[in-house]
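The next block holds one structure in the form of structure tokens; read it before the comments.
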Amino acid sequence: MKLIVKVFPEITIKSRPVRTRFIRQLAKNIRAVLRDLDPAVVVNGVWDNLELETRITEPKALKDMTERLSCMPGIAHFLQVDEYPLGDFDDITEKCKQHYGQSLEGKIFSVRCKRAGKHTFSSMDVEKYVGSKLRRECGAAGISLKAPQIEVRMEIRDQRLFVIHSQHDSIGGYPLGALEQTLVLMSGGFDSTVAAYQIMRRGLMSHFCFFNLGGRAHELGVMEVAHFIWKKYGSSQRVLFVSVPFEEVLGEILGKVDNSHMGVVLKRMMLRAASRIADQLQIDALVTGEAISQVSSQTLPNLSLIDCVTEKLVLRPLIASHKQDIIDLAEEIGTADFAKHMPEYCGVISVNPKTHAKRNRVEYEEQQFDMAILERALENAKLVPIDRVIDELGQDVQIEEVSEALAGQIVVDIRHPDAAEDEPLEIAGIDVQTLPFYALNARFKELDNSRQYLLYCDKGVMSRLHAHHLLSEGYANVRVYRPS
């Protein structure tokens, strides 16, 4: 299969050195993301696109390849094509007929040709000749440039002809690794996950920082969604997941700070800690999911007070977004189900919070706070490569993996319902039940405790995370199912 990858249009207006660097980075990212599917994948760069060739033919692998490229920053869209040496107009018509001939009968169609290089003919010459001949020879109902039922598409580059089968859109932006890095403050809710996506989509490599207010279950949930976002949109780069134990910080705020100022003080403590971590990682910008006046701490006066504790640039991709738009985008990118079942602690600690806090009052409240507690939280922060979060769950719980389900055991398919429906898990003689990952922890207690349950997902990431949590909660009848 051959693909022509069209780069993000804003890349094409850069200077020659910058453009070359960005396209080389994109080619490197594509190879990294597709390496496990096809170690021999070939990616070659030209001035405004990349050409990708793979010898794999297995439909599932090709589908995976398409999905990964559709989620890669730096790509505007890509075309699946067949390549031929450029012949005369009759030869071009014949090649188009091979691919489109049967589908044109009784249809209204158009011919679209893009051309680069020096030729004795124009793109319109090709379109007129090929369109006229296909209409006569394929029994088409007619030609319409404005409202065709089928578009016969091709590209001509120098002495090469590309007949286009399909086009797949991607997410645009710049290639990860070509721009600077950021540190995203993650709570796992709608806002922070969408903010992380927006910043990664633009091309900024993003590490994840989680302030743990809610115990191990909350940490595992944020690990899960952070890993999902990275795997889907940023796996060409290795980034870190940073977990900062903030329960003691929160306790100090609850005990020492006036109730009306707790939210602002908590956010200021988070920004102080995040800035220190960013210094350690040589990162110049922080990212949050805040939007104007969505909650009391997010009014303009309060945001200004929060920002003044750091010299870092604080990026807020969602600052002017409506909540429903954020939720809709979370549904689109796949983080909504995580967010719906993620506890949100930052917004529940204040009663009658100040929407226009005064700097001198906030600083007075913080004088009551023992800063040694914040230092202790930073000392105990854990920095783990995002692709190793599963390995870092700790040795406190042994997670058993099995490659074969035995009679009497129940395999629980915890994949997203769409994935379970597209590729149902069927095992001869074994009871397979579907229970989506986002509902598993809440509903597992309803299952028969006398049975053995094997958790299954495609890559084993979510199944291990949830097995760890359930085992930690005292359920001894849980294993991970990893068929060979």
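The chain as shown is numbered from 1 upward.
Just so you know, glycine gets a Cβ as well, placed from its N, Cα and C.
Secondary structure from DSSP puts C457 (active site, cysteine persulfide intermediate) in coil. Look at Swiss-Prot and you will find C457 tagged as active site, cysteine persulfide intermediate.
The ATP binding site annotation in Swiss-Prot covers L185, M186, K267, G289, Q298 and rests on sequence analysis. In the three-state DSSP scheme, G289 (ATP binding site) falls into the coil class. Around G289 (ATP binding site), the C-beta neighbours below 8 angstroms that are at least 6 residues distant in the chain are L185, S187, G189, F190, D191, S192, T193, V194, A195, A196, R316, P317, L318.
Annotation source Swiss-Prot lists disulfide bond at C346-C457, citing sequence analysis. Applying an 8 A CB threshold to same-chain residues 6+ apart, the list for C457 (active site, cysteine persulfide intermediate) reads D413, I414, R415, F437, S463.
Residues annotated as domain 'THUMP' in Swiss-Prot, with sequence analysis given as evidence: 63-167.
Marked as domain 'Rhodanese' by Swiss-Prot on the basis of sequence analysis: 405-483.
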Number of helical, extended and coil residues in the domain 'Rhodanese' (405-483), per DSSP: 28 helix, 16 strand, 35 coil
Site extent for ATP (largest Cα pair distance over L185, M186, K267, G289, Q298, Å): 16
Three-state composition of the domain 'THUMP' (63-167), taking helix and strand from DSSP: 39 helix, 38 strand, 28 coil
Per DSSP, three-state class assigned to M186 (ATP binding site): strand
